[in-house]
Amino acid sequence: MTPSRPSLLVLGFALFSAGQAQALNLPVRYPDREAITAPSYRGDALLITLTPAASRQARIARPAGAGESALPAARSLGLPAVDRIAQAMRGARFQRVFPGESPPAAGSDEPDFGAFFRVLLPTGTVLEDALERFRTLPEVAAAEPIAVLQGSTTPHDSLWAESWWFQQTPTGGVHAPEAWDITTGDTSIVVAIIDSGVELDHPDLGGTELGLRGQLWTNWAEAGGIPDYDDDGNGYVDDVAGWDFVDLTTDTGVTDGEDWATPDNDPSDFSGHGTRVAGLVGAITNNEIGASGTAWKVRLMPLRVMWSGSSLVSCGVTLVDMSYAAAAICYATRMGASVINCSFATTNEGDLFAAATAAIRAGVTIVCAAGNTGQLHELQSRDDVLAVGSSDVYDQVSSFSLVGDFVDLVAPGESIVSTSVLHTDPIFGCIVLGSGYEDGGGTSYSAPLVSGTVALVQARRRALGLAPLGAQTMVFRIRESADDISAANPGLTGYGTGRLNMLRALTNPPTSYARRGVGAVNGPAVVLSTRSGRPRMVFTTLERKVVMLDAQTADTIATAAIPAASARQLASADMGGGYGVCFFAGLQNGKVAGFDAGLAPLPGWPVAGAGPFHRMDGGPALGDLDGDGVLEVVCGSDDGGIWAWHMNGTLVSGFPVSSGTQSLSGPVALGDLDGQPGVEIVAANRDGHLHVFLGDGNEMPGWPVAVVGTGAPILLALGRETVPTVVVPAGSTVKGYSAGGVPRFNFPWSGTAQDAAAGDLDADGVDEIVVAFSTPNKIVALDSLGSLVLNRGWPYDLAAAPAGPVLVGPLQPGPALGVYVYAGATQVALSDSAVALREFPKPGGAGVSPTLAELDGDGRTELIAGTQDSVLYVYDAGPNTWGSGNNPWGTQRANFARTGNRLYAPPIGTLDDLPPQAAASFRADSIAGGQLGRALPDPDDDPQRHPRRLRERCALRSAGA
């Protein structure tokens, strides 16, 4: 996407629901009558997506498999209703968008590529009528027109320029020489160039040695195979050097000399755009000619999806059909590409998004040009795709570069010289003169610098014997290693995290990561420290499992089955009495499950609560109800009951108790309100009553109190007091009560209070209360008197209603704390003064049930959050954020015991995960009564303080015997 004169036309699929044929908002252009101009819809083709049942039937009638690319467009799909419409149109024909793809496994959420067909319409067909006809069929899930969109790809006139972007002088380079000192790449890493093709004979790409292909990828299965035969069975015949997907119905509007028909195995470039992109990724370096590539050792896979349109002002007018791009992404994934570069505007959420999703799940990193002024960017807007804007030599964001929340970072994109295809002036017919070099600019040329860097990162990991980074983790890696260029762009936002830094991408310590396949996480994680220094994360999933992972690698350590999905949260603590660390989960079938530190079921667990048709969603919370040093498990049910169990699974005497006629308004809180041994249970019922129950099930004197519209209660000390105050969101107010049930404050506000948390935001030794409100959507901070904090930027306006708990914890450098909440599918992270923190939001869409922790000893806070599409995210909050580790409300309900209390948090302890070690010494220290006493000092302990003694009975004999 290169600026200067408008010239890139992008064909994409606009989405319309059935019955909207009359609502086409762009003119339709029929290429048999006129050249395609932008913006418009193609009149000679459309896309249909079949329903799953119809797709299976069509696959039987027209099997997908080897050699499919050589087959002509079909006149029938084997679906009578669909075929009748095609015949009524005087012979519409069908092309499978993704040749050779197998159907997904039964029950899989992977896309069915066999469901997508391009319909070639005969001359005289009215597009609107064709769309309407296909949309009426039950076999057709969607029928979509093909849109023609505007962009720009024309290079500048200058032939040569210094490669300033690889340097760091004056400011805007990417630190390439230092990066190349670490790695120059690996030829096993393949970058797919989805573009206008690649000049295969360019000496800086294909090389100059006879019989060798330089940097260009080779499909060796086909190179050594049988001509005109699909040797590798991928659906493409003789695809030795990539593939040309372009298959137009007419040459109207196509530049003379351009290849416009018949897909084949020759992805040669006419316009030069793809050749320039390829050179920036991986031009042959140290060959004493031409330009340098970002990755010196790499293989470039040419996949041609663009063609040149006729123009009187440029030879670089390029059109791209999004269905061709989708097929190319699918091909690249199947044929082993590690990176896919897409330097064009995008639209469509149909076949293109299906192909992108499959690629990303396969670990392929997709890098897109963010776009130039006015271009569409739907693929770029995905969190799991890198969208790259353009910057200049002074680190200023280019005036033509699109900005917005979807942009991940920028890279140099002005005065960029690269390999190209040279032409005569358009007035003389754009005759190809041969290979050469041209100078240009645009986000089209920023993206390949990032693609080459991704290739270097994967090559470096391969050299170190490490697994390649997944697609989402690579997005984090590139984003978080960018250089801050805010000083060069005062007041400007929407350019991502900064400017690409190749050296930091290779050398920075690991930060954020994502792991797919851990399960659909449905609650906050528990973090367990270990003696080995490798913490563990434990969480529940919708697949009815409890999962324990290594927090640094996300490797699975243990799993346990639970008889139903978790109802709300997982609780954990060192339970005392020799039980050690245990885990408890309230379930949706009226039970509570319990596990030991290795996720083995505890004796006597699970226990039955309210019954199989009730949810145990009022906890669990862990606390010592009777003061005997062993914790009990407390959990509310959705019928208003409150249950408490001893560690052996028996009910605590006096329980269950009823909190009212309706369900609890949230989890219970635990704390010492009466000053006697044992903690009390605080519970709010939706019938308008706030209760405090003693450890024997009786109501504490002074309670309950009437509270309308209650939320989940929390406990904290106001000011510098030591006795807890009960704070509860109540409709449009936040109320505070003393331990005896006496009102202390009543804070009114517009909207509905959703969730409350507490912590010392400004590090003055006194807690603030932080509450999220909806309608209007705000985060409010209250002082120790229950009054609104106004002098530090609060309240903060949210763009959407809060969708998860409020956290208060170490999110910024220094002693002051930050506030986090998930709202409107976006992470909101604020400083103690309600200023949005630069490190957030992060990509991935996770954060509804977060936990703050320090997982790897680097002094940086991590935010752990899973999603229901089976991806676990660990987000890095930035350098020096963990500080002293003051984390007062770093997870749901304040702590892993889920007590909802700033003053009472039973410790979780440290798990001993080290294997037994050999004795460091041996000595006999006593002989008596036919026994030998031996002292075996523990290698990790002071042998004078912790000797391990073992007495063995033995037969003693005298020395002379």
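The backbone N, Cα and C atoms fix where each Cβ goes, and this holds for glycine too.
TrEMBL: automatically predicted annotations, no manual curation.
Residues annotated as signal peptide in TrEMBL: 1-23. Feature annotation from TrEMBL assigns domain 'Peptidase S8/S53' to 188-463. The active site, charge relay system annotation in TrEMBL covers ASP195, HIS273, SER444. The region 'Disordered' feature in TrEMBL is assigned to 921-950.
Shown on the structure are the features that TrEMBL records.
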| residue | record | DSSP (3 states) |
| --- | --- | --- |
| ASP195 | active site, charge relay system | strand |
| HIS273 | active site, charge relay system | helix |
| SER444 | active site, charge relay system | helix |
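HIS273 (active site, charge relay system) sits 7 Å from ASP195 (active site, charge relay system), taking the Cα positions as reference. Within 10 Å of the C-beta of SER444 (active site, charge relay system) we count 37 further C-beta atoms, all protein chains included. For ASP195 (active site, charge relay system), the count of additional Cβ atoms within 10 Å of its Cβ stands at 31 [all protein chains shown]. Cα to Cα, SER444 (active site, charge relay system) and ASP195 (active site, charge relay system) are separated by 10 Å. All protein chains shown were included, and the count of other CB atoms within 10 Å of the CB of HIS273 (active site, charge relay system) stands at 33.
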